[in-house]
């Protein structure tokens, strides 16, 4: 009997090593994912029918025009001139300010647009181009990016995360898939406001899945691609670094393992940056475009520490850019340090997911020049952890939505905002779905009455922002109120997830005793 047990165990492990074998054998999984994918695409198409950032708002329009202009520049200007100010490339008009992989993506999409609508990307003549065909083609570039990168990455993660799906977990799989593909914030920003976050986030999800399945080198390459598409992917860097370092230190030849990872990372960066490595000055030109320090430590009303505390401490008046950069960097590193230590000390797949969330939250709260849209980064690992932490995920998502509300109003996306908000809560509370699987950290900490009061304030702020005019003396009063409410909740969520991560190190018996005492 012992031999048979061993044989069965070996067979099971062999099957799990081939994750694609699992996909082929489990037809219900493929059907579930396909159905949800088609519905997610339909939602994206519907949101794309609404306005976008800067619609009909000359002279510089908004993010839509920025993306279109980058396509115009990359297909009409030599590659070495893409980040350089010149006669054909005026950097003061939406100059490229993302890493080279974004430029390559813009080049490919520019070729696509030029084939169907040459006037959309004609050098100089296409500025502010808003024809119906041009807008539809631009929307298609984002949807195709979702289909080609983000959706497959989510499928890869689900295959790794649910290696042994059972009938009792089929509803969990469907629910988690829906949460990942119907993330209301991501849909509103990419398919409403207009951006390509699905590409960098897709590479990040694929990198996480690869590392969870033990393919650390593949995961490192994928994460480097995410970092080379949008520099904000650095929000996840401390988590990737600490987890991989922790794993390397526990292997037989730690120095060799670290060297392999270092060479892979270096090789990926060299491959992506190759056109700009012919001289130091060329590489520095690109780097200088990636750090918008001249905009100040924060912009607009983002729900992070610097903006929230600026009501009392006028950071921009009291400090020059140099000291603020140092202060911001120090606060960011200090806040994510406990999470890093936990993963170096006790690396685990579960701890890695918590680390991704805690690291990105630290960057969102304390790093330099954070935008409202940056909330998408901590939302990604929060969604990956949605099955383990459904209550905190729900709480986090609704305040992430609220933090973006003023931006959605400016873009004319009020109807999609509320429609996706309603859809999110319908799916979240779907029949047969367990409402709360964790020990409800937030409820224990805040109390039921406080939580209902906070939710009531959130609802009132939505109504007030849409129906009332702020005092002339304080024109941004309502934005400040929304920002401070969201900031307070983000801080609580950050504390909760850090505690959750460190509790992974506690002995099982101690956890059982704590649960009995609650």
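Glycine is no exception: its Cβ is also placed from the backbone N, Cα and C atoms.
TrEMBL annotations:
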TRANSMEM  20-43  transmembrane segment
TRANSMEM  137-161  transmembrane segment
TRANSMEM  173-189  transmembrane segment
TRANSMEM  261-278  transmembrane segment
TRANSMEM  352-370  transmembrane segment
TRANSMEM  414-432  transmembrane segment
TRANSMEM  444-465  transmembrane segment
TRANSMEM  477-499  transmembrane segment
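Sequence-distant residue pairs (6 or more apart) of the transmembrane segment (352-370) and the transmembrane segment (137-161) include fewer than 3 whose Cβ atoms are under 8 Å, leaving the two stretches without contact. Away from its own ends, the transmembrane segment (444-465) comes close to residues 398-399, 402, 405-406, 409, 478, 481-482, 485, 489, 492, 496, 518 of its chain (Cβ-Cβ under 8 Å, at least six residues beyond either end).
Note on the transmembrane segment (477-499): residues 300-305, 307-308, 311, 335, 338-339, 354, 357-358, 361-362, 364-365, 389, 392, 395-396, 399-400, 402-403, 405-406, 441-442, 445-446, 454, 457-458, 461, 464-465, 468, 470-471 of its chain, located 6 or more positions outside it, place their CB under 8 angstroms from a CB of the stretch. Under 8 Å from some Cβ of the transmembrane segment (173-189) lie the Cβ atoms of residues 29, 32-33, 36-37, 39-40, 43-44, 47, 151, 154, 157-158, 161-162, 165, 195, 197-198, 201, 373, 375-376, 379, 383-384, 386-387, 393, 397, 400-401, 404, 408, 413, 416-417, 420-421, 423-424, 427-428, 430, 433, all in the same chain and six or more residues away from its ends. Sequence-distant contacts of the transmembrane segment (414-432), counting only residues of its own chain at least 6 positions beyond either end whose CB sits under 8 Å from a CB of the stretch, comprise 43, 46-47, 50, 171, 175, 178-179, 182, 184, 187-188, 192, 390, 394, 397-398, 401, 405, 408, 466.
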